[in-house]
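Asker: Got these off TrEMBL a minute ago, pasting:
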DOMAIN    A:26-474  domain 'Amidase'
ACT_SITE  A:Lys81  active site, charge relay system
ACT_SITE  A:Ser156  active site, charge relay system
ACT_SITE  A:Ser180  active site, acyl-ester intermediate
Amino acid sequence: MTNDLIHATAAELAAKIHSGEVSSVEVTQAHLDRITETDGKVHAFLHVDTEGALAQARRVDEAVKAGEQVSPLAGVPLALKDVMATECVPTTVGSKILEGWIPPYDATVTRKLKEAGVVILGKTNMDEFAMGSSTENSAYGPTHNPWDLDRIPGGSGGGSSAALAALQAPLAIGTDTGGSIRQPGAVTGTVGVKPTYGGVSRYGLVAFSSSLDQAGPCARTVLDAALLHEVIAGYDHMDSTSINAPVPPVVAAAREGLNGDLSGLRIGVVTQFSGEGYQQGVARSFEAAVSQLKELGAEIADVSCPSFDYALPAYYLIAPSECSSNLARFDAMRYGLRVGDDGTRSTEEVMSLTREAGFGPEVKRRIMIGTYALSSGYYDAYYGSAQKVRTLITQDFAKAFENFDVLISPTTPTTAFKIGERANDPMAMYKADLCTIPANLAGTPAMSVPSGLSDEDGMPVGLQIMAPALQDHRMYRVAAAYEAARGAFGGPSL
Amino acid sequence: MPSISRDEVAHLAKLARLAVSEDELDLFAGQLDVILQSVASVGDIATADIPPTSHAVPLTNVFREDVVRPSLGQQQALSGAPEAEDGRFRVPRILGEEA
């Protein structure tokens with residue numbers, strides 16, 4: 001029974017809970033037990049909220065018993081990335097600077113999950129301030145990939161994706177600034193979606209790079225991701241960059257995709273994302289996916305987006321620049337860590353000592369890169385040029401979408417690398433985000449859906465699908481059709 | 001493209017209010033140099049005629065009605081403060097820093 005519950009999809013669990021076949025408390029307890037059994041090895045969670053999860057589960061069970069209409073995912077457990085503020089539950093962002101901080105309010109995403117009856121199991125591990133591609137930059141130790149515990153689960157949202165792969169939760173929330181939902185999804189064999197920028201509120205999401213940060217759903221199936229997408233998306237007056245437009249019909253699109261017909265759909269293969277630096281097993285998995293999409297009726301052709309070659313350098317100027325500004329709020333005065341306040345030191349000295357003690361090396365590197373890129377004399381050459389590249393990338397997307405409904409590429413050039421392998425080489429680490437960054441710079445939606453396992457190392461590979469802004473449903477349709485054609489590819493043994 | 005010196009990294013750390021150690025200065029000077037050399041390639045295609053994009057979604061100012069809504073109370077706002085006194089944030093001395 002327990003085994004069935006942890007293997008079930010969110011859609012299946014919701015149906016069973018709402019029909020009274022099982023209780024949300026049973027489902028929640030099964031997942032809490034699974035966390036207890038496996039998280040010593042995986043370390044997906046930074047905080048498990050047993051009491052809060054069971055209380056929410058009981059509320060849903062009572063509502064079901066009373067015959068009340070409950071929302072589509074009510075009673076289903078979820079793992080929440082520790083970047084989202086949760087009232088009365090610790091929120092660390094993977095950083096020592098917020099160790100022990102208990103937010104006095106909920107992020108909009110948190111609030112929407114609670115209102116929809118979703119059961120929040122706890123907070124998941126992440127690279128500090130979402131800066132990283134391996135979850136090794138967490139101040140609380142790395143998360144391990146359930147497929148091979150010696151390998152990284154991707155990042156920054158490695159905890160959320162690892163929790164899905166380890167059957168600790170059927171649903172999770174991530175945030176994606178340069179690929180932090182999609183790349184962990186790819187390397188753990190799970191689905192990860194970055195919605196259109198502005199589609200999901202950033203209120204209460206601890207800011208890294210505000211013009212790029214976007215929260216989104218993570219799941220083991222495309223339909224589950226779509227169901228979660230509709231719970232968290234929508235206009236929010238608390239976020240001035242929130243888009244005031246209807247939520248794209250992603251659930252209907254995922255269901256439509258399951259009929260397996262993509263006749264007439266035009267798919268562009270981005271030629272920039274292949275060749276040197278791409279692992280053979282990843283390339284072969286991608287070729288197989290292209291063949292399957294053709295069999296489903298899609299018309300597939302190559303498309304060149306030359307400016308995408310400059311997306312990585314542009315990103316590693318824009319994101320650090322925004323982070324150097326955003327992280328100025330960690331000043332040791334209003335919340336979080338304070339170090340060195342011995343009565344003799346000034347505010348500025350305490351601030352510098354606290355930030356030195358509270359931030360890890362990658363965060364410091366990015367703050368300094370951003371400080372440099374924004375300083376007078378260098379602004380035009382660095383930040384100014386990066387903003388122009390952003391324009392070119394947006395234009396390349398627009399041109400490509402004149403001829404294609406969606407674009408595809410591998411999600412990431414390699415499968416999960418070994419823990420420690422790239423830890424001392426920032427540029428090598430940054431390359432994990434090569435294919436995912438353009439969509440962040442353009443604000444367009446993109447997702448990763450598993451394309452099976454690499455024949456070289458048996459590790460999961462991801463297929464990235466990109467769509468124009470507010471056309472999120474297009475990629476869900478393609479992903480659902482592909483997922484059904486691809487079939488099952490097994491799971492990790494823990 | 002000019003390379004970044006150890007002294008420049010020390011200056012950046014000061015601007016960013018990071019009391020970095022001597023060892024970190026050595027480490028970061030090398031790493032920042034590699035990163036900056038690498039990202040400088042944006043200059044290769046960023047010609048004068050291209051307008052910059054600061055934000056993916058074109059937005060103008062967002063206005064809303066000026067109405068009173070519930071917000072954090074004083075106690076909640078101070079709940080995460082390292083130190084508080086008389087309903088206020090208590091901070092280290094802010095005057096005479098250059099003394």
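Quick reminder: no glycine exception, Cβ is built from N, Cα and C everywhere.
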Asker: Pop the Cα-Cα gap between A:Ser180 (active site, acyl-ester intermediate) and A:Ser156 (active site, charge relay system) into the table, whole Å please.
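Answerer: So the alpha carbons of A:Ser156 (active site, charge relay system) and A:Ser180 (active site, acyl-ester intermediate) sit roughly 5 Å from each other.
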Asker: Work out the three-state DSSP category of A:Ser180 (active site, acyl-ester intermediate).
Answerer: coil
Asker: Taking only the Cα atoms, work out how far A:Ser180 (active site, acyl-ester intermediate) lies from A:Lys81 (active site, charge relay system), in Å, as a whole number.
Answerer: 11
Asker: Excluding near sequence neighbours, so keeping only residues 6 or more apart in the same chain, what lies with its CB under 8 A of A:Lys81 (active site, charge relay system)?
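Answerer: Those within reach of A:Lys81 (active site, charge relay system), by Cβ under 8 Å and sequence separation of 6 or more, are A:Lys123, A:Thr124, A:Met126, A:Gly157, A:Gly159, A:Ser160, A:Ala172, A:Ile173, A:Gly174, A:Thr175.
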Asker: Secondary structure at A:Ser156 (active site, charge relay system) (DSSP, helix/strand/coil)?
Answerer: coil
